[in-house]
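Feature annotations, reproduced from Swiss-Prot:
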| type | residues | note |
| --- | --- | --- |
| LIPID | G2 | N-myristoyl glycine |
| BINDING | 23-30, 66-70, 125-128 | GTP binding site |
| MOD_RES | S45 | phosphoserine |
| CROSSLNK | K71 | ubiquitin cross-link |
Amino acid sequence: MGLLTILKKMKQKERELRLLMLGLDNAGKTTILKKFNGEDVDTISPTLGFNIKTLEHRGFKLNIWDVGGQKSLRSYWRNYFESTDGLIWVVDSADRQRMQDCQRELQSLLVEERLAGATLLIFANKQDLPGALSCNAIQEALELDSIRSHHWRIQGCSAVTGEDLLPGIDWLLDDISSRVFTAD
């Protein structure tokens with residue numbers, strides 16, 4: 001029995017996953033996390049540092065790291081990459097002016113060695129706002145079709161209403177499970 005097999009078996013028992021949620025400031029990362037956890041989302045302030053929540057969902061223990069997206073904090077993102085099973089990239093669909101910045105930051109994450117193999121879920125958040133870009137427009141702006149290094153999916157959602165958060169999370173868990181909890 002090889003080390004990888006032993007590690008997979010240990011991880012299978014725990015069914016514990018580490019999810020890293022990143023994105024530009026004001027994209028809605030903390031709101032998504034709180035909504036998913038059933039918390040009030042009326043009064044949320046910018047994350048200066050990070051939040052960690054441990055949630056149970058579909059028999060998984062999810063350790064979700066929500067890291068602030070202000071420009072001054074982005075250089076610290078790399079401190080959170082270790083052992084990440086899934087990366088959730090949150091996009092403010094109504095913030096057309098920063099799509100290029102958003103694309104640049106995402107592309108720089110995807111070449112990080114410690115994120116290699118992590119499943120990527122892109123939440124196109126704020127779909128409930130007038131003028132929000134469609135998932136197709138965001139897919140094009142972020143050049144998602146060029147991603148070959150990670151399994152990825154874009155999911156439109158609204159953190160405030162909670163609409164379409166679960167389908168995205170469920171896809172992420174299914175994709176990670178197919179890689180991490182494989183039968184030998």
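Here the Cβ of each residue, glycine as well, is placed from N, Cα and C on the backbone.
Just so you know, the Cβ of K29 (GTP binding site) picks up 29 other Cβ atoms within 10 Å once every protein chain is counted. Minimal Cβ crowding within 10 Å, among the recorded positions N26, S45, Q70, Q127, is found at S45. Classification of Q70 (GTP binding site) by DSSP places it in coil, neither helical nor stranded. Same-chain residues at least 6 positions away in sequence with a Cβ under 8 Å from that of K71 (ubiquitin cross-link) are, in sequence order, D25.
Neighbour count (other Cβ atoms within 10 Å of the Cβ, all protein chains): 24 for G23 (GTP binding site). Proximity to S45 (phosphoserine), judged by a C-alpha distance within 10 Å, picks out none of the binding-site residues G23, K29, V67, Q70, Q127. The secondary structure of G23 (GTP binding site), as reduced to three states from DSSP, is extended strand. Annotation for V67 (GTP binding site): same-chain Cβ neighbours under 8 Å, separated by at least 6 residues, are L20, M21, L22, K29, T47, G49, F50, L73, Y76, W77, Y80.
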